[in-house]
Amino acid sequence: QVVQYGLQEEQNASTNRQRQSEET
């Protein structure tokens, strides 16, 4: 469960980066 949470956090971070570069 902890590992899954860490992976989800990593995916969220990369998704946020993609959204930011798309908006800029």
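The backbone N, Cα and C atoms fix where each Cβ goes, and this holds for glycine too.
Remember, it's a predicted structure, so these values are computed and weren't measured experimentally.
Per TrEMBL, compositional bias 'Polar residues' is recorded for 1-18. Here the compositional bias 'Polar residues' (1-18) has no long-range neighbours, meaning no same-chain residue at least 6 beyond its ends has a C-beta under 8 angstroms from one of its own.
The region 'Disordered' annotation in TrEMBL covers 1-24.
Counting residue by residue with DSSP, the region 'Disordered' (1-24) contains 22 helix, 0 strand, 2 coil.
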